[in-house]
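Residues or ranges marked as transmembrane segment in Swiss-Prot: 7-27, 91-111, 124-144, 189-209, 224-244, 258-278, 289-309, 327-347, 427-447, 511-531, 562-582, 680-700 (among others).
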Amino acid sequence: MQSINQYVWIIPLLPCLTAVILGLGLISTKNATKSQRLGSAILSIGALLVTMLLSITVLWEQVISDSAYRQLVSWIKVDNLFLEIGCLVDPLSAIMLVLVTTVGVLVMIYTHGYMSHDQGYVRFFAYLSLFTASMLGLVLSPNLVQVYAFWELVGMCSYLLVGFWFTRPSAAYACQKAFITNRVGDFGLLLGILALYWLTGSLEFDIVASRAHQLLVENSANTVLLTVCCVLLFLGPIAKSAQFPLHVWLPDAMEGPTPISALIHAATMVAAGVYLVARLLPLFQEVPLVMDIVAWTGGITAVLGATVALAQKDLKKGLAYSTMSQLGYMILALGVGSYQAGLFHLITHAYSKALLFLGSGSVIHGIEPVVGYNPNQSQNMTYMGGLRSYMPITGVTFLIGTLSLCGVPPFACFWSKDEILADAWHKLPVLGLLAWLTAGLTAFYMFRMYFITFEGTFRGSSLISNKSSKQTLSVNKMDSVFALSNQTKDNTSLKASKHLDPHESSNAMTIPLIVLTIPTILIGFIGAPLPNGLTGSSLLSHWLYLDNTEIVELSTNGWTEFAITALPSVSIGILGAFIAWIVYGPHVDRLKNNPVSIDPSAEGWTGILLNSIYNWSLRRAYIDEIYDQTFVWATRSSANALAWFDQWTIDGIVNVGGLFTLLGGEGTRYTESGRTSAYIFVLGIGLVFVMIAAVLFNFFHL
């Protein structure tokens, strides 16, 4: 029986062909009929379902064989330049294949319900299929050249999907911001690839690290140059995985449809940066300074994302900053050498965050008939509350995702996050402390989102009613959701409202939510400690490991030691959730002058401190404002100066030359009298001037 690995190239090909077919259909048909829309969904979901089954087969063969497979084809061979393309199948790529396809299938099913009334329904499925093909091609790439090609395709798909509703100015701005910010990282990645090839003469993942090690041992390579090369390579993951300081594009990318937020900006594309760091980890470990840079970048990003998420009012943007923080956890783990923990958290977080994003989409879809289709209202948690009674499936599944992300046992993210904390404490205690504090912040802001959205009373109807009667409650000027609750607590009865009630989403949207709860609950057990008597610490550690690298592992003496190790992370998570319940629980209507809000009457150092933290979080740590006042302002000023120079200098010279030519032509036109005698007279005058010039040149010996 032939190995399935020989046909692994079919995996990215199927969704690619689907995208081509749908694209040709869009070109040939202006307005898709109902049957064509349904056909595009069936084709996209069916192709990706087959791809998912193939990916699961590849993963199973990797598990039982425990051997990598590589298939290469010569692409370019010119003198000393020899490049190949092909497929690389190992435990890392096999896991990513299953991750992308399983989440992708559920997102496409969800999309059928979420985008059912959108005019761009077929176009959306075409973009989804193209992105899936690009992502699958990226994880199967055996070298950096092929990675870069698919890396750019993934970025292009993100641009198209973030700006899917391009007639909306905010969406058009968001896709440009995402594209330009990622170009900074991609340029660094390209320079790093070129420098690495110049140093090692190869771009194959399994060769560059060994050659770099050999060059360092033989003192044939400059350590500084190799460090710069690795840092340039790391710029690509910094931008793609929304790490500080190139993270600013991710929250704005929430302008795209919610299924995209779940697939691209939570589970797959943003994880591509983590994947590339994992691939390059043997190379990075040759330079300890680079590992420290990676670790500190992840640690700072984790804390920054968590603090900024504390006061966000937009549900999707709050989840975006949460994603940024969790990606920081993964980068931190890889930076301290914990290869398994970083990738383990990538897996658990992908399913949990996909569940949360799809749940947020269900919430938005359910309240839009009540509050309107403006995202400033339908995504604003201020307009929500009490939705668990109207949307029970969405509420329960969102709570499961929240429990997982907060690290509550036995949900998936508990196992991976706890392993990261333990390894960080062991290698860099300062970063371990930051990661531990981030765990508490994560529990606080996630339960804050849950309580504001699903508990209490629904506030949307009363707000819309007050707006329609010109008694507008300005959300932008509200100090917090508490002030909003205090002002609307006497007018939140849905029965008296003339508006529709929030409603649960269709089966096409709720079934993926229910299915995603299964891995959110169970998949963490693949990394759970094994009972005494078995070697190793988990099932995952027997299979997903990195050769020739220092992996931080703690001794495993059973569940007792594990429970003691996990106690600090669970404790601070419970503390964060408890504080969120006190501040944002169902009883918030009874609270007055809550110090967490921006209360003008707040006095003392406590009020000043809390208000400063609130402003820091609400205004995104002022980073976007700083960038606008520096890089954006400088770029626009330079562009305006160049435009002025082009208009008045470059164009001015050309225009003046044209003006003189015009005047000369007009003047010459009047000498055209048609008389031969006049022409002879002018010719004679010219000859006289020529003779005078010749005499002068001869006399003065010029």
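Note that Cβ sites are derived from N, Cα and C of the backbone, with glycine treated the same way.
If you look at the transmembrane segment (91-111), the same-chain residues 6 or more away from its ends with a CB under 8 A from one of its CBs are 11, 41, 44-45, 48-49, 51-52, 55-56, 58-59, 62, 124-125, 128, 132, 135-136, 139-140, 257, 259, 262-263, 267-268, 271, 275, 278-279, 343, 346-347, 350-351, 354, 358, 361, 508-509, 511-513, 515-516, 519, 543-544. Touching of the transmembrane segment (327-347) and the transmembrane segment (562-582) is ruled out by the presence of fewer than three CB pairs under 8 A, sequence neighbours closer than 6 excluded. Within the chain carrying the transmembrane segment (258-278), a Cβ under 8 angstroms from the stretch's Cβ atoms is held by residues 92, 96, 99-100, 103-104, 107-108, 110-111, 114-115, 128, 131, 135, 138-139, 147, 151, 154, 157-158, 161-162, 164, 233-234, 236-243, 250, 284, 294, 316, 319-320, 323, 327, 330-331, 334, 339, 342-343, 346, 350-351, 353-354, 356-358, 360-361, 364, 546, all 6 or more beyond its ends.
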